[in-house]
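See below for the structure under consideration.
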């Protein structure tokens, strides 16, 4: 009723208010030309002036209520139209489109090309270049769900399914098209996208034509921090912006994105919004005009009316709105035709820029029962209230299954319905429901609900070549690819499937984000009852399932399951039989049944097998049994041997006969027993307690190592990395051996690495010497990395000790013998009599045998006796020296039976055959002699009884490596501790060996070198027992000399005790060279004093307190001084260890020692100083005479006393290192003997000295007289006598000159030493070696660090046209004589001449070459002419002018005084310094590192190169070209290359690369020698052949020479690979291509260089850019040059590139371009003074003095005042060098009058005047300077300069005058101070 009342007020028409009148007019104007539709606002209908009376009341009533309902009808797709602007919310972000939620539950799509123009442009660029752009950001990074966006409907279409779809655009050009530039006002809220990033902000595209919007950086900082996670804004980023200010009538707009400003922005009337340009998203202040249940109408911005539907009322205030209430509203959309404005009062829209929050609603797809109706809207739908109180909405179409069944009565408030959540509308914050039965009952509602592996029903939609499309649900379609249409490949699917067919599919893959659903129709897969694998975690080993073959490869098949899970069936698992070619047996798409072998989910790897249980019946039962049958890792099983394979046994695990493999190395812990067991085990044998190590790919790997079995049984084996901690000891086996270490595996399958460094306590040369694969080891964990599943282990015995060594040793021995006994029992089961006999034979058995024969090596073979094939033999040692003949009967004892070779080792030794029956004590120590050695144990016979005992050679599993010196030998004496006293079944006693120190050597090897010091002293002692004695230290004894040895005498005392007197204890004072032991004779009686005792086994001194002292050999002394002492007090009874005694000997101390022997192998003398102190004298320290060193045995006699100096202790600490030649400190001036260890071609020798010092000898110090081949006579290991020149560095500097090593021989020195430039005098004739050929002359070595230069005119009287001749006739290392032309000591420059007229020697080029003599003098004076101009002159073919110019120049120079004549060569010196790193580094280092001098100073006019130069420093080019050069600036090469290439060559003058015959020439002179070669005599041909061979060998040498210049592209490729960052190599490579006119290749090389050189090497990169600019300047077009230049500016410091290009233009005489470039630079770099100075120099060189003055003025205007003085001084310098000297002086004077205290300016002024002014002017300036009132330090500097100047240019009187003035100044200063 209320609505009717409103429409028809009682009493006819209502009086209109003023405000309404005002309102009506603009609306009318706005809508003047619009077509009125049903949706027109009521306002307008009321305002139509139709008389109300004409209408019938009834009709009016109906219409008015209808219009109200229609007016508040919510939006539908039908009510949208193109161009309509709406506010939307981003719902989903995909790669190529956005899904936008629109008001009233609608949604639309934005394509990626509709974001903005700048973003679309970037996309096109990316497509064009086919690779991702760095600065292109994907949509998911630009947009996030919940963002509010303003969009415009770009098109309304109908999809293939007949649904209507809305296409939207966010492009500001479309959204803001309604705005014009002049309509923009400050405070307006607009949206825009970032179109580009600038230095100080961002350009924003707001889509308003004619307006440029800029967003300053400072306005974005808060936004970037809060909203953008600190990242800069990206192109295409969507922003809500406020207009800050508008300039130029809307031409330039400044924006802000500050959150506080944006969120409070309100559209006001001042902003002049109209219905045409009103934009969605604007917040306005409004007034409620009318409230109805369906919504509100509002007035806003004074003139406009809009409506709010029920969904957009503020939920908290719904139902409380009243007329004229003031509210804030947000515009949702404006209809372009009807001008209907829809608004929202929801609070979330009233803060622009704030994203919408996602409502926490129940999950999509949930079915809800009994949901109550909240309200019903006739044409819209119904609202419902959910359990959580949230509002939900169902469209009218979703309230019933069809229009016919719809009953509005059912939707009265309070009624309940069953419904399903189908969607969520972020814009309305509503859950959308459906009551349609089909939707409620649908299996799937959206892609998220579908899981891989699920069965789904669907309907065939279409059949396409790419597969069948199946409809699964209302909005869900899936694809069945052609491979999946059936179990077998289908050619015509349309015959089987028809559109509309219902099909049952299984889901292969579902990707909800991409809305991608893949399914299969393969019957086997669809109907399979086996579990489906949808992720790698599902794949448990042993699981059987169905899959399909994805690919067939030669190594196996790849099988795929669901959800992209796939696995590999390796070739050996394809079938029980071998499948040679899987591609012929299997096909892609084939359905297969597989079993999972193993799976690693973390790596997404799975191994499968087609080998299933063979029997189908078993298969069913198999499931329950499978678990029981499978062998688990760590399980102990019994196995039966099936067959032997090459490296192990194929076995079956009992009781289920599961096949498995037992490798040979896993049969035993003992490496040697593995092959033995393998040999004797047969098929059918059973092995018990075998461990399962691993089970991979169906293979079971077993292990029978007792150590591992017991570890697993005891549960000490960690199962995972989490259980392992550093310090744990684990038992495992060597899995593999690498050069860097050993991999060890443990029973649980874990493995670790033992690096080489901690593999052994001994030094490891090769890892394979220490361990073998499969060996059992104990490892200590040192480091665990759980993340990477890695651990590091130590196998060192010191780390891995398993307790007492003796116990371990015994355990290993008994285990080894037990296994061998097991082998015996296997042998006894064999049928062969021989084998059974061997099995019964045990060590210790005594046999009577007949000798068959005695072999050459001395061994004896016995007859086989009753058993044919039995081999018994005794080695030479075991013959025991007996005479044996064939047929003789002998008693032998068995030592060992070799069960592999089937041989028996026996011994004839009497002691063994006739054993003594003596009771043995367990645990007692016995002497024994080794009789037989096996790999892991040894058999020895006890000395006392002859019993055989076995002892282990290893005391630990890891203890497998022995140095040769540690290995036991047969016949060696050992000390054994018995562990058993009865031989068991093995026939051997078990024993453990005592310390290695107790071993004694075998007796028969008397003179062998391996015999150590005292081993053969007491033959009686070794085997027999030693008598106990009761002597103590200090006792006097008498005895008889029994025998005399070189260094000691053996004496027999009373009671048969043996004593010993050392050579050092015979005399008090031993004369050098005598032998003290010779004083005593055998049989002589001596009285001696006991001074100590030696252990009879180790011969070590023992203290008297030692329990074994009574069993020692007394050490005696017969020195008179010791005999006289009081008996006990005199002697120190406390025995100090030899090591302690050794410490008492200091380096440099002199000692007396006695020569024991000369060790030929080690090349040293072994000496004894005292009984327990030994020493060694290295051969090189025995004498300085070559004669003695050659035959030391002639000079030194054994036993002789020598006086030696202690030089150090041996690292092993057991020896003193001694010298007979003095202290051997190798200090400066010392002469010593050394050995040549390396011959460095053309450089010298490396020499080593005994104690590890190394020295180097330069070629200049080989001899006092240089030879052509100074190093020819030296070979490696040759002994040389050296003089130490310097011991400063780690490497000594040596000389072999006899004038140094034998100074007493005063012979003449043909070639004196030249150690510095000071040693060189002008006019001197010196010999030396050629160093290298340079562009401007020949570098010539005069001494180790002195290099001179012979310029080309001084090299030869000829001037060859081919530069190659220099390299040929002046190779590096050639010996020549040179005359010193001039020496400049200040700059260390030496100028040389090789001319015959100077040296008196023949010319360097033989006359036979017929070379031309130089035609002009000018050439000789200026070598540069020939070098650099030749090629340019070819280019300008104006011969006449050329000759005139050259003659003129020649004459000019002839007239010049000698000083200035050299001037033109000066730039050469500078250029040389500028060249980046041409010589190899070593050469530069040799050029005297000591003297690091700078480039020649500017006063230095000598034209000689600076050779003392710092490593790789580039000397700045400070000087400028002299005046003569002004005319031809192109002469300066840009980057000199050793290949002789010049950049300044025209394209026409480049010649293609020729074969290396030298440069061909058209001149007749060149052809004549060629003709002559045709007629040659035999001798000439022979000579030529020899010459060719020499040339060939020279070439080969050159190829091997590391400093060889590259000659081919391959050479360069090799070089740039080894030094990729060296620009000089790349530039040489470019030059190499340019010489062959291959410009494109040169460009390609440059591009390669720019990609290859590391980004850190900026200078190197810049060098290549400069080379490329040069190349383009000469051979490219202006356009190509500009392109390269622009790129160079981007990648380098722009200023450097600009300056380089300006130089390039200037040098190639492109002055116009250079001028333009300088002008550009002056605009861009106006604050850089270098640019102004360079520009000034450029103008002065062009002769434009006036322009230069103006440039200076401009520079001073632009630059800050602090730079002014420097700039003025620089311009003045330029004036001096290039312009008017008078003007330069004026500038300097002017500057100095203003800044009199600027000493730097004074200094430059003085330099310039010295260079360009007269002596008077110079003196005038000095006079002024020294009268300035400056600081004393500065004054001292000027006085010193004045003095130096006068010394150089003035007389003695002048010098004195300056000194007097200086004195005067000092006195004046001091008197001032006193005052």
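Each Cβ is built from the backbone N, Cα and C atoms, and glycine gets one as well.
As annotated by TrEMBL, region 'Disordered' applies to 1-61, 1403-1608. Look at TrEMBL and you will find 83-171, 187-258, 281-346, 365-436, 453-522, 542-611, 634-705, 727-796, 1034-1107, 1148-1221, 1229-1297, 1323-1395 tagged as domain 'S1 motif'. The compositional bias 'Basic and acidic residues' annotation in TrEMBL covers 1416-1438, 1447-1465, 1476-1488, 1579-1608.
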| Range from 281-346, 542-611, 727-796, 1034-1107, 1148-1221 with most C-beta pairs under 8 A to the domain 'S1 motif' (453-522) | 542-611
| said: As a test of reading the model: what is the averaged pLDDT for the domain 'S1 motif' (1323-1395)? | reply: 89
| query | Within the domain 'S1 motif' (1148-1221), how many residues are helix, strand or coil going by DSSP? | reply | 12 helix, 37 strand, 25 coil
| task | Between the domain 'S1 motif' (281-346) and the stretches 187-258, 365-436, 1034-1107, 1148-1221, 1323-1395, work out which stretch tops the count of Cβ pairs under 8 Å. | result | 365-436
| said: If I count Cβ-Cβ pairs under 8 A between the domain 'S1 motif' (1148-1221) and each of 83-171, 365-436, 727-796, 1034-1107, which range comes out on top? | reply: 1034-1107
| query | Based on Cβ pairs under 8 Å, which of the stretches 187-258, 365-436, 727-796, 1034-1107 lies most in contact with the domain 'S1 motif' (83-171)? | reply | 187-258
| For the domain 'S1 motif' (453-522), what does DSSP give as the number of helix, strand and coil residues? | 7 helix, 37 strand, 26 coil
| query | What is the three-state DSSP composition of the domain 'S1 motif' (1034-1107), stated as helix, strand and coil residue counts? | reply | 11 helix, 32 strand, 31 coil
